[in-house]
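J.: Here it is: the structure, laid out below.
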Amino acid sequence: MGPFLGGFGVLLALGVPIALALGLASFGYLFFTGNIGLMKIFPQRIFGSVDQFVLLTVPLFLLAGNLMNFSGITERIVRFANACIGHVRGGLSLVNVIASMFFAGISGAAAADTSALGSVLIPAMVRDGYPKAYAAALTAASSVMGSIIPPSIIMVIYGVLTGTSIAQLFVAGMVPGVMLCIGLSVYAWWMAKTHNYPVMERVTFRERANATVAAVPVLVLPAIILGGILFGIFTPTESAAVAVIYALLIGTLYRTLNWRTIWRPLVDTALTTSAIMLIVAMASMVQFIFSFERLPEQITRFMLGITENRYLLILMINILLLILGTFLEPIAAMIISLPVLIEVAKVIQIDPVHFGTIVVLNLAIGLTTPPVGICLFIACAIGKVSLEEISRAILPMLMIGIAVLMIVSYAPDVVLFLPSLAFDR
Amino acid sequence: MKVGSTHDRPDWFAAFSRAYAGFVIVLSVILMMLIVVIMGVQVFFRYVLNDSLIWAEEICRYLLVLMTFLLVGAAFERGEMVCLHFLTGRLSVRSRLLVLLPMHALMTVFLLTLAWYGIGFASLNSHFTIPAIDFIGTALTGREINLALSMYWMYMLVPVACVILSAHFIFAMIRMVRGLLGLADPEAALPPGHNLIPSDWIR
Amino acid sequence: VDLRLAHGSPRGHPNYTHADMLAGAIKENSNGDVNITVYGDRQLGDDRDMIQLVSSGTVDMGYASSVNFPLILNKVAFDALQLPGLVPTYDDLAKMLVSPPAIKMLDSLEDANLKGLCFSEGGQRHFLNRNGPIKSVEDFKGLKTRIVPIPLHKEIWQKLGANPIGVPYGEVYTAMQTKVIDGVEFNISSIAADKVYENANYVTLTGHYFWPGLFFMNKEKYDSLTPEEQKAIVDTCRELTPEFVMQTKGEEAKQIKILEDAGVEISEFPDRENLLAATEPVFEAWSAKDPLIGEYIEEAKKLNP
Ligand code: NA
Ligand code: NA
């Protein structure tokens, strides 16, 4: 397996897109191990891995986010967050974090948050005198909440891959999401104090009321999604479709969507979906090769051979997932690693909902870890900063994410008490 | 809408590029809308009418499959495919082109090999059928429909996707060679995911 | 000769055990000549994938539930195995799965490049629901019931007055928990393994149909073997079928005990006659689809004259 990983790494470093690097490395592995006949299976795996009902959550939640952004929802959220917290020192940076949390309640993917809020807030923060790299990094770091606070594409896929209750995972994601929000807010506030970032004018009571009223239709959507799932009106996958229909209604209501403009979010979503699915398809070949070589059993045995201490094993899983998340798209990372990790999780008898939260948190943080992270890339492109600059600025924020991750890993009750209240567990 | 990039290209190429971009737009819109409508109708049937569409799940899966495989080329051209720059980004534009050119050749070889196996797979499995089509037929007509439509064309999407994507790679390589030979701006000759000048293709 | 056998059943499921039993027995009966490596637990794909993997020769042998064959290979005859109440007990099933019409079904796979080896059984289907035990067919009325979305099952459950819904397997737990469905027709080991009972406390032992499946092999690979090897594989497999069925029966009894210990209320179904009467029209409708179905029904009627 060493040559496989090495080959994959070299291809990535030489600029091959991740999807093709996964495929090429698998192809090369079969070629050099004299198993080229197994190439016959690739088309079936590629087709079969995309031909999954649950993966419809990818285009649907992406589309919901794109439509929301397209129909001016983002501005309403920013205005609302501004009315809430804009008057504190470093107000706009706090708005960035808080707005991310609200947006996370609507979108299912962190990347949607980065591009939607980034396009509004990064230029605004730069105009107000914040350093470009800081504005971009804060946007990327806070958008991680998009994949943790429900709804979340990663959680739906985890639930289906492992047979865990998606509704419980959704509820369990609330607390870590809010913890991340608090952590980043405190950091932003501290940065504002030490760097003397600007304060904004306190908004009038009238504006505050107006901003709240304008945000109501937006704030209702998370309630519809979560309530709809909790009360059995629709399944988590269907909730994605409901979110889209709601976004279409809002867009029509606000007159921002019409027959001449609607093609744009649709095309954007379709192309992003295609690119993500190609990664999923190619990752399934890697997973196939791993299974064929019986790697999951070997790695499990190896890990349990090092230690049987549950706390150390959880730490090892966290490190493994962070590394994986750094280089791979979350769904692909789960396809490849879950067959192994579930075995280990069974041995240490970790609650599946708790474990799901750990996996999702790791992979979501991975979206913002340099050198590869889609949220990082989007924030760089919007803020016109280099990867080096944003990487330096985001480091302390990553530490906050990892601190939340550690709390979640070692204090399961933090995530499990909400699902225990909501469900008969 | 701005569709297809037209600078310093022969007329036929610009026309083709526009037609292709139009195809991508129409296909994206139709597929996305169909998925949303079918899933919405499914919720309505299940929750309000206490009935369920036996074919909805399967049809939605196929729509996703169509979207994935027919749009990979467009996704590449728009720079949607994530790649790393931390190493290549340090090189001069000329050296980047020199590294990326053989990489794209390698990827093209891989894709064409995959396409070849994909055609084999589709013909080997042409006896599989698409049940949903029959379910829909039965639901619509009220009579038993048994077309047993072959999955051949669905499976052929895999090689089709490989060919579409390799075509994009080949054009990307032509652009890179032109950039290296000084026939075009080297910066603009970088492939989409590496090009800091965002593509003006369907924007 | 070294062969690879793949299947999608998770560890602990009867079929997982059967695959291991088969591999061991074939090795023994061929005096160590046929060596089979088993890849289970969806390592190489799920049920549906198996048919493709084996048909295309990527994997030599596979196991898949019989429901897949009408659906993706258009072999409607396999629906005969799931006509409600036709085969009442595991002991009867053990005989039916090696009966001539059943072997004809196995042989009908040749044009799909598959050599049907033998049948096995995954577990009789019962009814799990949230609201209370099912005492009569009346109680099915309006229950949102998760089924595998195929025409036969949809027809059966509509005839029983239920509202059948095709929820993907991975979403059953959540669907039950969030009341998207009221009940699910399932085998006991899946109810236990997937912990679906956590959200629904009543199991009624309706035993409405069985869930057979089959071991099959790539046709060309099979043809390339020596007659001795072929015989060792096919004969071993078919001789094991009754054992597979009985193993599943024993496993079900054990799992029922586990469910009882977990606090699940398990009750017998007292209204079997009305269930059979309500689904009677399905027999006729399906007999018209393939002569083998009629043949299988005739064979089954000989069991308990
Ligand atoms: Na979210
Ligand atoms: Na990353």
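Backbone N, Cα and C define each Cβ position, glycine as well.
As annotated by TrEMBL, domain 'TRAP C4-dicarboxylate transport system permease DctM subunit' applies to A:6-413. Residues annotated as transmembrane segment in TrEMBL: A:6-32, A:53-73, A:93-112, A:133-160, A:166-190, A:211-234, A:240-257, A:269-292, A:312-342, A:354-387, A:393-418.
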J.: Between the stretches A:6-32, A:133-160, A:211-234, which one has more Cβ pairs under 8 Å with the transmembrane segment (A:312-342) than any other?
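T.: Most Cβ pairs under 8 Å with the transmembrane segment (A:312-342) come from A:133-160.
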J.: Could you tell me what the rest of the chain brings near the transmembrane segment (A:240-257), counting residues at least six beyond its ends with Cβ under 8 Å?
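T.: Distant Cβ neighbours of the transmembrane segment (A:240-257) are 56-57, 60-61, 63-64, 67-68, 70-73, 106, 108, 151, 156, 217-218, 221, 224-225, 228, 234.
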J.: Take a look at A:6-32, A:53-73, A:133-160, A:166-190, A:354-387 and tell me which one has the most Cβ pairs under 8 Å to the transmembrane segment (A:269-292).
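T.: The stretch I would name here is A:6-32.
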J.: So what's the mean pLDDT when you look at the domain 'TRAP C4-dicarboxylate transport system permease DctM subunit' (A:6-413)?
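T.: Mean per-residue confidence for the domain 'TRAP C4-dicarboxylate transport system permease DctM subunit' (A:6-413): 88 out of 100.
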J.: When you look at the transmembrane segment (A:93-112) alongside the transmembrane segment (A:211-234), do they share 3+ Cβ pairs under 8 Å, ignoring any pair fewer than 6 residues apart in sequence?
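T.: Contact criterion met.
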J.: Please identify the stretch among A:6-32, A:93-112, A:166-190, A:354-387 with the greatest number of Cβ pairs below 8 Å relative to the transmembrane segment (A:53-73).
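T.: Out of the listed stretches, A:93-112 contacts the transmembrane segment (A:53-73) most.
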J.: Below 8 angstroms Cβ to Cβ, which residues of this chain, lying six or more residues outside the transmembrane segment (A:354-387), approach it?
T.: 12, 18, 110-111, 113-115, 118-119, 122-123, 126, 132-133, 135-137, 139-141, 143-144, 146-148, 152, 154-155, 158-159, 162, 164, 169, 172-173, 176, 314, 317-318, 321-322, 324-330, 333-334, 338, 341, 345, 394, 397-398, 401-402, 404-405, 408-409, 412, 415-416
J.: For the transmembrane segment (A:133-160), what are the same-chain contacts with Cβ under 8 Å, counting residues 6+ beyond its ends?
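T.: For the transmembrane segment (A:133-160), the nonlocal Cβ contacts are 52, 54-55, 57-58, 61-62, 65, 93, 96-97, 100-101, 103-105, 107-114, 117-118, 121-122, 125-126, 166, 169-171, 173-174, 176-178, 180-181, 184, 188, 191, 222, 225-226, 236-237, 239-240, 243, 330-331, 334, 338, 356, 359-361, 363-365, 367-368, 373, 375-376, 378-380, 382-383, 385, 389-390, 392-394, 397-398, 400-401.
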J.: Is the transmembrane segment (A:166-190) packed against any residues at least 6 beyond its ends, judged by a Cβ distance under 8 Å, and which are they?
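T.: Answer is 88-90, 93-94, 96-98, 100-101, 104, 138, 141-142, 144-145, 148-152, 155-156, 158-160, 226, 229-230, 236, 353-354, 356-357, 360-361, 396-397, 400-401, 403-404, 407-408, 414-419, 422-423, 425.
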